[in-house]
């Protein structure tokens, strides 16, 4: 390392360094290029024949060429393929295409209602091929149908398929008509006079709170239903008691669970 350092220091102080480098480049440019073979001959290296394993490879290539030419007769020639250099046409299929029936199995099962000592169980199998989002939508639909049973009788609903899905309609219930024969010079009792609970639609009913910090709940049928027709359409009946009609309205407005927790219904 010390000698190399000294050489570097000397070259830095050598005043004719650039001139020497230029002369070396000029000599190198004028030197004639020679192949490795010529360099070996200059050094007295004799040229030898190819090794035996190279000759064996050459002999095998020569012998295999006629074989390839003979086998080419077994391949069907494609006129377009002849225009591509180095392309060899492969053997063509000598059988005709056959139609194969493909049957896709399905694991879907129709709804099954089971009964045991714990009660009834309904099993629904979801359709195949649903994405995660589609399966979530399917579950939400089933849940909505089940929850709607609180507000109407599903067994009496009509079922209609549409382009967008399914339409379920409630069967309209015709209210009973009570004939009242008036009696002259008599004053009927309140129970006899009230033949339809809707006649009490403006009468409020009060429910006491379960906690002293809450105010009593006072509500009427008019606040829960816009009309008698709406009351009837969600399962109301003129023969209901006033309290039953109020509770039906709370369920219809989805207030029943909140009221049940806070008030004595």
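From the backbone N, Cα and C atoms, a Cβ is placed for every residue, glycine too.
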Candidate annotated as phosphoserine in Swiss-Prot, where the set is 64, 115: 64
Residue carrying phosphotyrosine as stated in Swiss-Prot, selected out of 14, 75: 14
Per Swiss-Prot, the candidate from 62, 206 carrying the annotation phosphothreonine: 62
Nearest of the modified residues (14, 226, 227, 233) to residue 141 (site 'Involved in oligomerization'), judged by Cα-Cα distance: 233
Of the modified residues listed as 14, 226, 227, 233, the one whose CA lies nearest the CA of residue 138 (site 'Involved in oligomerization'): 233
Residue 226 (phosphoserine) CB neighbourhood, other CB atoms within 10 A: 9
Conformational class of residue 227 (phosphoserine) under the three-state DSSP mapping: coil
Stretch-averaged pLDDT - the region 'Interaction with the L polymerase' (49-105): 58
